[in-house]
Amino acid sequence: MGDWSALGKLLDKVQAYSTAGGKVWLSVLFIFRILLLGTAVESAWGDEQSAFRCNTQQPGCENVCYDKSFPISHVRFWVLQIIFVSVPTLLYLAHVFYVMRKEEKLNKKEEELKVVAQTDGANVDMHLKQIEIKKFKYGIEEHGKVKMRGGLLRTYIISILFKSVFEVAFLLIQWYIYGFSLSAVYTCKRDPCPHQVDCFLSRPTEKTIFIIFMLVVSLVSLALNIIELFYVFFKGVKDRVKGKSDPYHTTTGPLSPSKDCGSPKYAYFNGCSSPTAPLSPMSPPGYKLVTGDRNNSSCRNYNKQASEQNWANYSAEQNRMGQAGSTISNSHAQPFDFPDDHQNSKKLDAGHELQPLAIVDQRPSSRASSRASSRPRPDDLEI
């Protein structure tokens, strides 16, 4: 019999990417089929044709009777069976190698993107995210481990189905050709035999024992395939019931505005207010409102330049409104809410109309505020 080492090395690589049932199936294939076929079975069928004798001297009669009784040798039939049931497993191994090759390409591309981000400062987060999604799709985990999911899982299930089909097909073919037992005497009536002759088989009982043993091994392999198929199927159903979702498809809703970032009636945001808050009454022409970064999620970090510009605009507005003799609306008279200052609002009497309060600024005043601070206004409150 030929050398089985090449096939054995290929099938041995499948062990790392198979389930427990698949590993048991491979062990049965190696020990009870390949090893037994290469040692005991081959020696039992070594004299198969030479020891086949018929009670006639007609030349060629023994050959045609042997061909009629055994269209294919049992040993060669079992070799074909082993090859056919191993092909689906080898195809699954080819898919695993394809995934590993994809992993190498994705890792190389990921390293290149990281180098570009470090040298040029480019934003490659989206590209890295796409690479992670592809790795998850192919079933690639950290440290080069391949997990059975997606297309790889489907290939594994298909390989189990084909192995089961081949097992059943070869069992039926064997039963149809010569059954599962051998007789000591075979009757043959075929040209060029002059009449019906009797032919005798060498060691029929020993060969029958090996046939039954190989039959049991085939049935065990078929049972392992069916058990593994149900195991993979129910495990997939169990994972779906548990609600294991894709980590790269998490549901994220819109961020809700912070509750302690000021009242929604103000038209400024203080760096963190919700952009959907209702606006205050329209500001006078030329009123430039400088806001902080809306994307900042913390209410403690403010843009210093924006705060100074807001105070300058507020002082200029008070100066302009004081010269015109009009009062400032309540929406602009409110002091800006800075959480770091922790300013408490003042309570007014119910009979007095709400008027703008004078604000004591601890910071340096701008030019506009310094000119307007010395001018009295008729709507100032006495404190």
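Glycine is no exception: its Cβ is also placed from the backbone N, Cα and C atoms.
Features of the protein shown, as given by Swiss-Prot:
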COMPBIAS  363-375  compositional bias 'Low complexity'
CROSSLNK  LYS145  SUMO cross-link
CROSSLNK  LYS238  SUMO cross-link
MOD_RES   TYR248  phosphotyrosine
MOD_RES   SER256  phosphoserine
MOD_RES   SER258  phosphoserine
MOD_RES   SER263  phosphoserine
MOD_RES   CYS272  S-nitrosocysteine
MOD_RES   THR276  phosphothreonine
MOD_RES   SER315  phosphoserine
MOD_RES   SER326  phosphoserine
MOD_RES   THR327  phosphothreonine
MOD_RES   SER345  phosphoserine
MOD_RES   SER366  phosphoserine
MOD_RES   SER369  phosphoserine
TOPO_DOM  2-23  topological domain 'Cytoplasmic'
TOPO_DOM  98-156  topological domain 'Cytoplasmic'
TOPO_DOM  230-383  topological domain 'Cytoplasmic'
TRANSMEM  24-44  transmembrane segment
TRANSMEM  77-97  transmembrane segment
TRANSMEM  157-177  transmembrane segment
TRANSMEM  209-229  transmembrane segment
Notebook entry, point to check: Just the number: how many Å between the Cα atoms of SER315 (phosphoserine) and LYS238 (SUMO cross-link)?
Noted result: 67
Note to self: With every protein chain in view, what's the tally of Cβ atoms within 10 Å of the Cβ of LYS238 (SUMO cross-link), excluding that atom itself?
What the structure shows: 10
Check: Quick one: DSSP breakdown of the topological domain 'Cytoplasmic' (2-23) into helix, strand and coil?
Finding: 17 helix, 0 strand, 5 coil
Check: Near SER315 (phosphoserine), how many other Cβ atoms are within 10 Å of its Cβ?
Finding: 21
Checklist line | In three-state DSSP terms, the structure that SER315 (phosphoserine) belongs to | finding: helix
Check: Under an 8 Å Cβ to Cβ limit, what residues of the same chain, 6 or more beyond the ends of the topological domain 'Cytoplasmic' (2-23), are close to it?
Finding: 29-30, 34, 38, 83, 86, 89-90, 92-93, 96, 146, 148, 156, 224-225, 227-228, 231-232
Next item on the list: For the topological domain 'Cytoplasmic' (230-383), would you mind checking the mean pLDDT of the predicted model?
Entry: 52
